[in-house]
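Taken from Swiss-Prot, the feature active site, proton acceptor applies to Glu333, Asp357, supported by sequence analysis. For Glu333, Asp357, His520, the entry in Swiss-Prot reads Mn(2+) binding site.
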Amino acid sequence: MSNLVKIGIRPTIDGRRLGVRESLEEQTMNMAKNLANFIAENVRHVSGDAVECVIADSTIGGVAEAAACADKFKRENVGLSITVTPCWCYGTETIDMDPHMPKAIWGFNGTERPGAVYLAAAMAGHSQVGLPAFSIYGEEVQDKDDTSIPSDVQEKILRFCRAGLTVATIRGKSYLSMGSVSMGIAGSIVDQPFFQHYLGMRNEYVDMTEIKRRLDREIFDKEEFELAMAWTKEHCHEGKDYNREPMSEARKQEDWQTVVKMTMIMRDLMEGNPKLAEMGFGEEALGHNAVVGGFQGQRHWTDHLPNGDFSEAILNSSFDWNGIREPFVIATENDSLNGVNMLFGKMLTGQAQVFCDVRTYWSADSVERVSGYRPESGFIHLVNSGSAALDGCGEAKLTSGESAIKPHWQMSAQDAEACLSATKWPPADVEYFRGGGFSSNFLTHGGMPFTMHRINIIKGIGPVLQIAEGHSITLPQEVHETLNERTNPTWPTTWFVPRLNDEGAFKDVYSVMANWGANHCVITYGHVGADLITLASMLRIPVAMHNVEESDVFRPHTWSAFGQDKEGQDYRACATFGPLYK
């Protein structure tokens with residue numbers, strides 16, 4: 001990405017001259033510089049690039065300096081701001097008044113000067129003018145010459161930065177619908193007001209005949225196609241053909257060529273390709289400025305042409321024939337809401353995302369009945385034909401040897417090769433996909449932490465978010481095969497157990513499944529529920545269910561004015577302030 005979003009640091013100060021302000025200048029500006037260094041060392045853009053911080057040219061003692069800072073931030077493409085101070089400052093004269101910029105204030109917990117008093121006064125001002133801000137205040141008192149950033153402050157700063165960068169980076173980008181509504185799936189009825197008002201994004205649309213046109217008229221890079229085909233033949237190994245009448249070799253070779261071309265075409269539709277301009281296709285070379293897209297596929301395409309499973313899976317992975325790269329985000333069946341969750345997960349972590357059907361709840365009794373094996377608890381079968389990134393198999397390893405999905409900038413060629421080797425590509429089940437193609441098939445390693453999440457749109461409320469943190473499990477191979485053969489064995493599988501807390505939707509695994517709001521979900525590697533909650537609060541999307549520890553929930557300070565129950569607070573605050581871009 002060009003012109004990357006920056007993080008603005010606003011050092012505010014007591015404006016009284018002739019001694020007070022002068023005595024605080026160095027400490028206040030050093031606080032800003034230390035914070036900028038900390039962020040630069042610990043936060044990256046989704047592209048893997050380092051984050052740049054922009055500090056105001058001077059400390060901010062009043063409205064004139066606040067305005068000068070705002071002007072600088074506009075010139076520098078600042079997308080979120082953190083105000084820092086060790087002392088009292090003039091509340092509403094010094095706060096960030098940008099209506100769309102996520103904002104936080106870190107008030108130094110020291111006794112010599114009342115940084116906490118300014119923090120409280122500023123939060124009151126933010127609440128009164130209707131611009132929610134995040135309050136950051138360390139639990140332990142620090143000495144005035146202590147330049148360290150306490151661990152609890154660090155955690156909140158990093159969470160705010162990850163979520164705020166997501167908000168600022170997706171603003172102005174596009175969701176690209178390739179096709180329309182798939183099989184009546186609600187998420188593929190693209191809700192333009194949601195994208196516009198909550199995310200600040202626009203919607204772009206192309207009919208699937210545009211992909212067919214580019215196939216027929218060869219509007220793709222032919223040199224890259226030769227490279228891609230050679231790579232695919234070497235690294236993408238065919239799996240078992242479960243069809244009653246196996247596909248012929250000639251048909252399979254034709255399908256391989258088609259799905260590789262489809263992959264290139266979908267990518268070019270999203271982000272453009274200067275090579276197309278060299279070929280005389282200047283309009284096609286521009287793309288649609290899309291950070292997320294969806295492919296309808298079923299059934300108008302897949303009844304006649306090879307399915308999109310290969311294209312979706314490869315694009316969503318962190319590697320292809322061009323090497324390691326940032327994953328794209330493509331939602332199968334054009335489920336735009338699941339696509340948004342995939343985008344959130346990628347933006348927060350830099351990792352490839354796994355799109356899943358929430359397919360089956362298996363109780364311990366049911367597993368024992370059909371396999372003779374009794375697991376420790378019930379679990380959920382997550383499986384989908386299409387856009388599960390190959391990284392989801394867990395073959396990339398941490399230095400400890402544990403299975404993981406890594407940020408793409410940490411992926412190695414060996415990691416990519418391991419994921420490819422663990423994936424088979426069975427010919428598509430023609431009962432589902434009459435036009436042929438191939439589906440990815442892998443099994444996710446057990447013991448991996450995952451966060452399952454999904455946005456749903458509720459009439460009268462708007463978007464709501466669901467979150468379930470948990471982990472993958474490993475079943476004995478024969479048990480896995482017994483259960484997997486009962487559904488479609490050509491698709492990738494993750495056996496998932498959410499973390500329970502004996503309350504509400506998380507009293508047992510069955511209740512998580514029963515309360516899930518749609519047929520699809522995203523699983524993101526790691527326990528990132530707290531980051532998702534912070535992000536949702538910035539966008540004014542309430543959280544319907546989650547199992548994140550209350551101590552990890554970080555929302556704007558003014559949420560505490562909306563009652564005592566945390567989730568009720570969230571709904572009332574989001575309804576009161578409304579979507580970020582209303």
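Using N, Cα and C of the backbone, Cβ positions are placed for all residues, glycine too.
Within the set of recorded positions (Glu333, Asp357), the lowest number of other Cβ atoms found within 10 Å of a Cβ is recorded at Asp357. A distance of 10 Å separates the Cα atom of His520 (Mn(2+) binding site) from that of Glu333 (active site, proton acceptor).
Between the C-alpha atoms of Glu333 (active site, proton acceptor) and Asp357 (Mn(2+) binding site), the distance comes to 11 Å.
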